[in-house]
Amino acid sequence: MKTTIILILLTHWVYSQNPTSGNNTATLCLGHHAVANGTLVKTITDDQIEVTNATELVQSISIGKICNNSYRVLDGRNCTLIDAMLGDPHCDVFQYENWDLFIERSSAFSNCYPYDIPDYASLRSIVASSGTLEFTAEGFTWTGVTQNGRSGACKRGSADSFFSRLNWLTKSGNSYPILNVTMPNNKNFDKLYIWGIHHPSSNKEQTKLYIQESGRVTVSTERSQQTVIPNIGSRPWVRGQSGRISIYWTIVKPGDILTINSNGNLVAPRGYFKLRTGKSSVMRSDAPIDTCVSECITPNGSIPNDKPFQNVNKVTYGKCPKYIRQNTLKLATGMRNVPEKQIRGIFGAIAGFIENGWEGMVDGWYGFRYQNSEGTGQAADLKSTQAAIDQINGKLNRVIERTNEKFHQIEKEFSEVEGRIQDLEKYVEDTKIDLWSYNAELLVALENQHTIDLTDAEMNKLFEKTRRQLRENAEDMGGGCFKIYHKCDNACIGSIRNGTYDHYIYRDEALNNRFQIKGVELKSGYKDWILWISFAISCFLICVVLLGFIMWACQKGNIRCNICI
């Protein structure tokens, strides 16, 4: 019985040696913010590392419509840009229009004399970048020919008509004299002249319209010359016509002279388009145009430009994210995430940052947990938190500044004759996209590595700052925790947090308590051994007492034991 009492007292003494439960000591642990479910990001050294927070850098969807702000967006409806420029009757509404972006619809069609443009893409690009269909008529003198030719394939209302910006010249009577007309450019801007040549469907039509069996058109300036002859022959019927018109264009610089020489088949200019330099463009899209604001437009619709990358469409207009092949790239905007462990030690110990993060700390990234005579508590360290946030906040903006294009990426078209150029251009574009995709992944991985390193460094700075303050008044318990060997109430804990702790005030008390506690302190491993040994001895003594009682009862005859074989 005495032995049992001694063991019970010993067990109580072991429990009483928990230094964190006394009034003369305190425990302070440093920790960092954690979340239950973090986000996986890629760094230089790890393919997947979990962080508390991350921002998606790739815009993968459009808003489904084209915003008419911040740019002047002109809906071409049933007209292509070239038809509007030539003056197709059903496109007269676009005369003298201006735009930042001209939208061509898949439903657009031509409704005049059938034509082709040998260098269609270049002309379309020149007119689109000019951003206007401003046209000025000039007084060309065409002597000895009939002007204003018309066709039943080109109706303006119910009457036969023709392209409003072109003048179809045919014979006058039985003659078609050689034409030689000049027009100087006395302006201080470039002039764009549109002209053409008619290809009759037969020799009979050729002589009927132009007398000569074969015509010729030569258009020249001081810098260039083009000579075109008609290709007479039947072609597939389009709007009742098997003939064709080929459209050409000439740019006349200030001080230069336009010269037109022809003996037949000439479709003459009526004036010029004023060329302007700018960043206007044209885009094919069937997305609806609506009232909204966006600085980036794609054929799929407008997209936000608050991300540095996008994989919506390679064709863009405006201030747009860089196109890459990846569907997702995440930029770490938080620290390394170590989800909090819920299991506590035998004495309810509080854990520090080495073991795990703290999910309950919502007002900061770094902080303190403490246990003292007044209980337990937690508080964030705002200074170290702000230091980390300041370094991370500018990352997204810096990445956007490095990658957002301040120009438009126009559509590129090539005729079948230029197939090899088209293949080369496609190869170059694909190579650029591959390079940017690789660079984007590398850039994000580098930034993520830097973010994780700097947040870890801030945690270590806070730990070292606390250790230097406490000095010999506390012992580093490992795992980011300190055992403080003096009475440290909440005000004392607050002074450690804000950096005003004076270790000299508590030095004598801490030194005295350290020696007293060290003299009787048993480490947690020995406490566990004592508990197990005392439990085993108690069980053994109970068994001995029970066996002795049985033997005593048998001797007195109070218990009979019969053994049958």
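Cβ coordinates are placed from backbone N, Cα and C, and glycine is handled just like the others.
What Swiss-Prot lists as disulfide bond is Cys67-Cys292, Cys79-Cys91, Cys112-Cys154, Cys296-Cys320, Cys488-Cys492. The N-linked glycosylation site annotation in Swiss-Prot covers Asn23, Asn37, Asn53, Asn68, Asn78, Asn180, Asn300, Asn498, and the record cites sequence analysis as its basis. What Swiss-Prot records for Cys554, Cys561, Cys564 is S-palmitoyl cysteine. Taken from Swiss-Prot, the feature signal peptide covers 1-16, and the record attributes it to sequence analysis. Annotation source Swiss-Prot lists topological domain 'Extracellular' at 17-529. The topological domain 'Cytoplasmic' annotation in Swiss-Prot covers 551-565. As annotated by Swiss-Prot, transmembrane segment applies to 530-550, with the evidence given as sequence analysis.
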**Study point:** Among Cys320, Asn498, Cys554, which are recorded as recorded positions, the nearest neighbour of Cys112 (disulfide bond) by Cα
**Key:** Cys320
Exercise for review: Measure from the Cα of Asn498 (N-linked glycosylation site) to the Cα of every one of the recorded positions Cys154, Asn300, Cys320, Cys554, then give the nearest.
Suggested key: Cys320
Review point. Which recorded positions from the set Cys91, Cys296, Asn300, Cys320 come within 10 angstroms of Cys67 (disulfide bond), judged by C-alpha positions?
Key: Cys296
Exercise for review: Could you check which of the recorded positions (Asn37, Asn53, Asn68, Cys79) sits closest to Cys554 (S-palmitoyl cysteine), going Cα to Cα?
Suggested key: Asn37
**Study point:** Top Cα neighbour of Asn37 (N-linked glycosylation site) in the set of recorded positions Asn78, Asn180, Cys292, Cys320
**Key:** Cys320
Revision key, fill the gap. Rounding to whole Å, the Cα atoms of Asn68 (N-linked glycosylation site) and Asn180 (N-linked glycosylation site) are apart by 47
Check your understanding: Nearest to Cys488 (disulfide bond) by Cα distance: which of the recorded positions Asn78, Cys154, Asn180, Cys292 is it?
Key -> Cys292
Exercise for review: Based on Cβ atoms within 10 Å, give me the single least packed residue among the recorded positions Cys154, Cys320, Cys488, Cys554.
Suggested key: Cys554
